[in-house]
Amino acid sequence: MCKDCGCSLTRHDHLGEHTHHNDHSHAHGHSHTHEHQELHTNPQLNDKKTLSVIHKILDKNDVEAGHNRAHFEAHNITAFNIMSSPGSGKTTLLEQLKEYTQLNYAVIEGDLETSRDADRLIAKGIKAYQIQTGSACHLDAFMVHGALHHLPLEGLDICFIENVGNLVCPASYDVGTHKNIVLLSVPEGDDKIEKYPVMFRRADVVLVTKCDLLPHFDFKMDEARAQLKKLNPDIQLLEVSIKDGDSMRAVAHWLKDNMRGTQ
Amino acid sequence: MHEYSIVSALIEQCEQHALANQATHITRVDIKIGVMSGVEPALLHTAFDTFKQDSICHNAQLNMQIQPLVILCNDCQIESILSERTIICPACQSYRTRVLDGEEMLLMQLEMEQDGD
């Protein structure tokens, strides 16, 4: 049993006490590389001791993220972390996507305040749960874990985690998803890829949204593709507009191709 | 500004290591911050100096090693340290590279003390 929430999945604490569960069967989608060298203390000496650790600073979050991934996998769900600046069209994309895919999806929403985004999705008949982060600029694995207990996972194919609108902080946190979708809207400009390299390096696909506005802005698609290739050469960039059904079908296609177990 | 959350996680780790080793003070914390880890070192320093006050690290010095990107080229097999934020091999311009270092945030070493009595 998970000791925080009583859910049926095992968890692992890598610091302090090591607990081993007999029913440990799921594989975490990430690796832990750390070494412990216990300090050999000598109570007689009042010396300074140096302890070499080599430990990921966000290890606790990463362990929880693995726990969330196990939750998803136990329900045969693929989870996608959607990240972008505020206002680039994450919620709108999720509202419209319903028309283009047979895949059954739910959304965990992260915002500082209000449940407006979840309300918008629920109004469209999409299951959604809102996390209000208060002043936190990103979602972490613990917040997502909390939300998972409010969202019925049965029968879902996909769970989207719509992160807090921010091109910086969310990039550092594994929330337990399988792939990262990063949106960049045309009005923001093609230079955002170069300006926020960590986020675009972490992406598994980049959706350039609001492409119907291309005639009105100086967004250079070639430049965006060139900059993305320098950071992340193997990923796709999709040009998307909710007013262009073909582009939305391409997104639905990408999702279908990137479901767990299909690659 | 997620540096405060990162520092909270770091200090929590320090406290657990201190407890496991019966130490009463931590005097030095060495961390390695990759240039592509998404953390701003100056903000991390400020956050550490603020948060350490009420923790076992209150007298600790934070040493930060900034780790540049290190890549290994799958084509020419040359390992390179990069100054730019790209992952292109500077030797042969290949895009087929693997990042070896520079994307992580790691706690490397702690210096701790025990009260003599």
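Numbers run from 1 along the shown chain.
Including glycine, each Cβ sits where the backbone N, Cα and C put it.
Computed from a predicted structure; not experimentally measured.
If you draw a 10 Å sphere around the CB of B:His2 (Ni(2+) binding site), it holds 24 other CB atoms from the protein chains shown. In the three-state DSSP classification, B:His2 (Ni(2+) binding site) falls within coil. Residues or ranges marked as Ni(2+) binding site in TrEMBL: B:His2.
In sequence order, B:Glu79, B:Ser80, B:Cys89, B:Ala91, B:Cys92, B:Ser94, B:Arg96, B:Thr97 constitute the residues six or more apart from B:Cys73 (Zn(2+) binding site) in its chain with CB-CB distances below 8 Å. Annotation comment: TrEMBL describes B:Cys73, B:Cys76, B:Cys89, B:Cys92 as Zn(2+) binding site.
Between the CA atoms of B:His2 (Ni(2+) binding site) and B:Cys76 (Zn(2+) binding site) there is a gap of 38 Å, rounded to the nearest whole number.
Annotation: B:Cys89 carries the greatest number of neighbouring Cβ atoms among the binding-site residues B:Cys76, B:Cys89, B:Cys92 [cut-off 10 Å, Cβ to Cβ]. According to DSSP, B:Cys73 (Zn(2+) binding site) sits within a strand segment. Other than the site residues B:Cys73, B:Cys76, B:Cys89, B:Cys92, same-chain residues with C-beta atoms no more than 8 angstroms from the centre of those residues' C-beta atoms, the Zn(2+) site, are B:Asn74, B:Asp75, B:Gln77, B:Ile78, B:Ser80, B:Pro90, B:Ala91, B:Gln93, B:Ser94, B:Arg96, B:Thr97. B:Cys89 (Zn(2+) binding site) falls within neither a helix nor a strand when secondary structure is assigned with DSSP, and so counts as coil.
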